[in-house]
Amino acid sequence: MDKLADLNYTLSVITSMNDTLHSIIQDPGMAYFLYIASVLTVLFTLHKASIPTMKIALKTSKCSYKVIKYCIVTIINTLLKLAGYKEQVTTKDEIEQQMDRIVKEMRRQLEMIDKLTTREIEQVELLKRIHDNLITRPVDVIDMSKEFNQKNIKTLDEWESGKNPYEPSEVTASM
């Protein structure tokens with residue numbers, strides 16, 4: 001770990017890269033200099049970033065196989081992106097996580113569709129009841145016996161002794 005963080009070690013790697021690049025530049029027929037330089041830069045960055053990270057992860061992690069697998073998959077995906085590919089390498093764990101996420105989302109969508117369908121059915125039933133109540137039905141004979149102002153009225157024939165009880169009678173008062 002000390003060697004990886006040492007400034008002299010980093011400078012020696014940079015110096016060796018510079019020497020390699022200068023030897024390539026001296027060849028006048030080299031047309032792919034920029035591509036080679038960018039690949040070497042990426043490789044150096046991966047070297048400096050991945051080795052210390054991998055060592056720390058292996059020391060702190062209980063399952064070293066998963067850490068190594070994850071680091072290798074990440075490096076391969078980075079190289080594929082740099083090469084211009086849109087595809088990515090995935091592990092079985094990632095595929096299972098994505099499948100679980102998709103299944104969970106599908107269940108949520110089905111529950112929402114079920115709730116919306118139930119609400120729509122209730123709304124249709126309510127609209128049907130409202131429509132049925134608004135339809136006017138033709139009536140041939142109107143029954144006036146249930147009208148409020150017709151309940152307690154008696155005709156002259158129905159009064160006792162044929163006399164109207166509501167007519168004022170003569171009252172004589174003694175003085």
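Cβ coordinates are placed from backbone N, Cα and C, and glycine is handled just like the others.
As written in Swiss-Prot, here are the features:
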type	residues	note
BINDING	E120, Q123	Ca(2+) binding site
CARBOHYD	N8	N-linked glycosylation site
CARBOHYD	N18	N-linked glycosylation site
TOPO_DOM	1-28	topological domain 'Lumenal'
TOPO_DOM	52-175	topological domain 'Cytoplasmic'
TRANSMEM	29-51	transmembrane segment
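Feature map: Swiss-Prot annotations on the structure.
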{"residue": "N18", "record": "N-linked glycosylation site", "Cβ within 10 Å": "10"}
{"residue": "E120", "record": "Ca(2+) binding site", "Cβ within 10 Å": "10"}
{"residue": "Q123", "record": "Ca(2+) binding site", "Cβ within 10 Å": "10"}
Cα distance (Å, whole number) from N18 (N-linked glycosylation site) to E120 (Ca(2+) binding site): 72
Across the topological domain 'Lumenal' (1-28), average pLDDT on the 0 to 100 scale: 65
Inter-residue Cα distance where the pair is N18 (N-linked glycosylation site) and Q123 (Ca(2+) binding site), in Å: 76
